[in-house]
Amino acid sequence: MAQGRIKAKIRRSNFHTFACLRPITTESVGPKSLQGPGFSRIVHCNEPLLHKKKPLKYISNGISTTRYNVITFLPKAFFEQFRRVANIYFLVAAVCSLFSFSPFTPVSMIAPLLFVLGVSMAKEAIEDWNRFIQDMKVNTRKASVHKGGGIFRNRQWRNLQVGNVVKVEKDQFFPADLLLLSSSYEDGLCYVETMNLDGETNLKVKRSLEVTLGLDSDESFMDFKGVIRCEDPNPSLYTFVGNFEYGQEIYPLDPSQILLRDSKLRNTSFIYGVVIFSGHDSKVMQNSTKSPSKRSRIDKKMDCIIYILFTVLLGLSLVSSFGFYVKTKYNMPDWWYLLPQSSSSCYDMNNAVASGLCHFLTALMLYGYLIPISLYVSIEMVKFLQAVFINRDTDMYHEESGTPAEARTSNLNEELGQVDTILSDKTGTLTCNQMDFLMCSIAGSAYGVKSSEVELAAAKQMAIDLEAEKNGVSAYHGPTHGGSKTMLESIVTTMDGKNGKKVIKGFSFEDSRLMDGNWIKDFKTKEILMFLRILALCHSAIPELDEETNEITYEAESPDEIAFLVAAREFGFEFFKRSQSSVYVREAYPSPGSPVEREYKILNLLDFTSKRKRMSVIMRDEDGQILLLCKGADSIIFDRLAKNGREYEEATTKHLNEYGENGLRTLVLAYKRLDQAEYNAWNDEFVIAKASIGADRNAMLERISDKMERDLILVGATAVEDKLQKGVPQCIDKLAQAGLKIWVLTGDKMETAINIGFACSLLRQGMKQICISVTNSDPFQQDSRKAIKENILMQISNASKMIKLEKDPHAAFALIIDGKTLTYALDEDMKIQFLGLAVDCASVICCRVSPKQKALVTRLVKEGTGKTTLAIGDGANDVGMIHEADIGVGISGVEGMQAVMASDFSIAQFRFLEKLLVVHGHWCYKRIAQMICYFFYKNIAFGLTFFYFEAVTAFSGQSIYDDLYMILFNVFITSLPVIALGVFEQDVSSEICLQFPALYQQGPQNLFFDWYRILGWMMNGLVASAVVFIFNITYFYSQAFRAEGQTADMATVGTVMFTCIVWVVNCQIALTMSHFTWIQHFFIWGSIGFWYLFLVIYGMLSPTYTGNVYQILPEVLGPAPSFWMITLLVTVTCNLLYFSHISIQRCFYPMDHHVIQEIKYYKKDEEDKVMWTRERSKARQDTKIGFTARVEAKMRQLKVRLQKKHLSFTPPNSAMASP
């Protein structure tokens, strides 16, 4: 396995002036003091057996995100179930059923409770098992571990121990927090991608200690021993304090030697490291918090309804208790024939008060059917099945990674349909971190003819409008029509990306003036040549030859550099080799036909940092000329231009603005010629600063570098497209049309965030950007901090006033704020004003924010607006906001699993959020809302009949129904239809949901679960119960039931009433449904059929078990026409009220989905396309973000231009009207 160092032996440290250069005497500074609490950890390197016993025994490397284990499941699950007040009530009722005052048998009370608890706990077990499986996927990853004797073997992550020496290879994740010992580069450098930790895409440079550089092969660890004394586990990602004892010496450690779990090794063949922190002790796991218990708004409101019904239950029980007291005290002496053989406190006319109190308990149990015992379990079953459909939705399956969508918890399904604000990470969530070279500006001339999607869409829409104008709809005519067609044709031609050409990753440039060496004929050949050489030379990348394809690929710290090198290669300047001091470029021009391999000596490299915002290379060409080549942000480079270097500044600035409007990332390229004496003088200073030790070292380097990077000559600018994930602009557009607000919270710098905002249409041309920033002051001084806060507050106030005074209805505002400013804006005395401004803006972008700030912003939006928030991200740095939001969505299948394991739902790519919310969210909200309303309706319709019967039977506490009927009602007779409603109901199809995104607003506006609708359903249940009872009692009270003259006994009346209720509630749910499959029909009509089948089978049992119900259907009810007549009459009467309501609503006050249903039913969408298009255009929320809003803004601009052009063609005398 030993492979040793790479043969090239390039000292990568020469490429990093600022990032991680190891000063010559770094390790002579001396060990750090590690005394006191918080610094007790001792790690014996390569001796993991010492950490298997105390006091050095540390936790294993396995992780767990489950809520339960084998021991804690039962107690914890029971606790969770009895947090619900309804379950406590039914537990008390079940216990009370064991006593004599119970109106029911114990079986009829205990059996339903056990069934409900069993199903709920089974669901919890299944969901926790899924979490366990997810944990196992991480824990069973393989890592190469030193087994002894210089031999490395694969071992599962969970089996790693503190002290293990681990070998990690390129593109692998670090399995634990490691101390870097050596790498494949001879100077011990390695490149680490921390996107999964902090969201940043640029690679971080780590370095090992000089003393461990010799540990560069498997065999070198045969006798390796060492001791690490360091800080205890803590959540700080950017600090580390420790000492390394090796070879009788002590060396200080700092964060630059630490490799954190879940970061990835990039651009480095391999590294060796020793495990310091494992499992939940690792810094990334220390940053993660336990998943909070989340409940949906509907769930919380349902509790309020339960409390209301409890209040009604108590009220009815008090009335019944008082009635029983009155009857017992005043009427019982006259009813001697009703006296019990042995008196008890529950039936003692000499102690009416005690009897009344005892009857209160009886009534509490008797009217308990007002509280739907099966509501919770039915909802959980429905949510579980909804989650299954989400998991199996093939439209949300990512084929490339084989990753489906996953509802990790089903408790929040309906919350997906009520989201108001989405807070999204950027890197890995919106973008896929791939750059394409698209356009450039050289010497004041713009190159690149490939049009943006916005221009294409706007041109298409203009063509449609102009076609309508041609038919007489509008006032424009003539010349504009032909001009627009020409424009559209040219754009469509340029947007045809295929054209039979080979697709080149990182290069989408199209312009014949630069391709194939045609630029040689240009009169600005020298400037173009310099531009192309800067692309090929100003970087720190390494070329690698693919032996299979014989093609050169590049490894660089950022994807921008790779895009520039690919572009340079396609333009004829191929960077193909790097040595320790030189860069080699194969130049096909300016001598076409005979490529020349040129060597450029690299004298210095001033690398890019977020503070410098530029990168420079000082090199000597083959003619001996020393050049400084520089690329950086326009604001930085323009300030450093010489007076004679600004010739193309105005034209370049114009091009940069255009590129920015099209969502492209831009960099400006410049150069400077140096003479030998000037360079030597500067280099002497630079070498001294580079080798210095002290806190001011970086400041010295920055000052000296800045001195060199002056008096530059502008050459041009580049425009690269940061490739968004597939479908991101379309998804954001659809979500915006659905009325959702979208915030972006990113750790990237402001320029990058703004570029992405343009790319995904959160920002657009003409949108007024409000940038809130802090002034340069010392934040640690009290007066300065106060001044900063006052300045920020003034900026917020001024921006709010500007928005309120804006009169243009099409005006849009975007708020952009960085993490430093956000620190103050989130203070208690300012956050309300900040939130008010943010809510008034069309889009909000927070950049350079920490994971904690992401969580704080999410909490502010959630609590400040009182509306549902959804946070979506893909890295460990997003876990805080995912936990804080009402709904957390993790992006899976790309980077790590921290966000996924913390999330409520996981999807493979951002675009799947569109269907998750607009379709599944809309459906789940309406299904759950209608299901709960129907549940309360049917239980009120059933439960109140107990009270009515009590009232006419002297509050006797007698149930009119057989005990088995009551068990069947909630568990079998009415449960399956309501589950079918919750699982299969669709007001409109998924395609219609996506075509009419405004339908989604029914959820955030809570149109289907407001108090008006809830109370309406309760009143419907009240009416139904009254009709069922009155019709039956009136009919059976004073006349014979059968032809032979027999009157109906209590069993007969109870069975007929129960039959009526079964028909009424099942027909009611049939009227409620909009979408039928055979499953709904089977459940609804099958439930009614099951009732009759039950009566037949139950009636066949011995009278010992059935009592008066023996053969009740075939012998008593079946032969009586009145039984069938009363059933039909009650069913029609009860549902007539609801039928009238929905008929009037559809005819005179239709909702959006009613209109769409009518159109689809009469197939008007196929017969009348104009009407269908018109309805679709109306069925979207007015929004100022998204691709559609951007196209509309572009169209307004084009129309204004066309109108002006039309007026300019109109002869002056034609404007005068003839008398």
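Backbone N, Cα and C define each Cβ position, glycine as well.
Taken straight from TrEMBL:
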type	residues	note
DOMAIN	43-110	domain 'P-type ATPase N-terminal'
TRANSMEM	85-101	transmembrane segment
TRANSMEM	107-126	transmembrane segment
TRANSMEM	304-326	transmembrane segment
TRANSMEM	352-377	transmembrane segment
ACT_SITE	D425	active site, 4-aspartylphosphate intermediate
BINDING	D425, K426, T427, E561, F608, K631, R665, T746, G747, D748, R848, K854, N877, D878	ATP binding site
DOMAIN	900-1150	domain 'P-type ATPase C-terminal'
TRANSMEM	935-958	transmembrane segment
TRANSMEM	964-984	transmembrane segment
TRANSMEM	1014-1038	transmembrane segment
TRANSMEM	1050-1071	transmembrane segment
TRANSMEM	1083-1101	transmembrane segment
TRANSMEM	1121-1139	transmembrane segment
Under 8 Å, at least 3 Cβ pairs, sequence separation 6 or more: does that hold for the transmembrane segment (1050-1071) versus the transmembrane segment (935-958)? yes
Quick one: DSSP breakdown of the domain 'P-type ATPase N-terminal' (43-110) into helix, strand and coil? 31 helix, 3 strand, 34 coil
Students should find that the Cα atoms of R848 (ATP binding site) and the residue listed as 'active site, 4-aspartylphosphate intermediate' sit apart, in Å rounded to an integer, by 11
On the domain 'P-type ATPase C-terminal' (900-1150), the mean of the pLDDT values is 90
Result, the transmembrane segment (304-326) in contact with the transmembrane segment (964-984) (3+ CB pairs under 8 Å): no
Quick one: give me the count of other CB atoms within 10 A of the CB of R665 (ATP binding site). 22
List the binding-site residues among R665, G747, N877 whose C-alpha is within 10 Å of the C-alpha of the residue listed as 'active site, 4-aspartylphosphate intermediate', in sequence order, or say none. G747, N877
Including all protein chains shown, what's the count of other C-beta atoms within 10 A of the C-beta of N877 (ATP binding site)? 30
Between the transmembrane segment (304-326) and the transmembrane segment (1083-1101), are there three or more C-beta pairs closer than 8 Å, counting only pairs 6 or more apart along the chain? no
Judged by the number of other CB atoms within 10 angstroms, which among D425, G747, R848 is the least packed of the recorded positions? R848
Counting only residues 6+ away from its ends, which parts of the chain sit with a Cβ under 8 Å from the transmembrane segment (1083-1101)? 964, 968, 972-974, 976-977, 979-980, 1055, 1059, 1062-1063, 1066, 1069-1070, 1109-1115, 1117
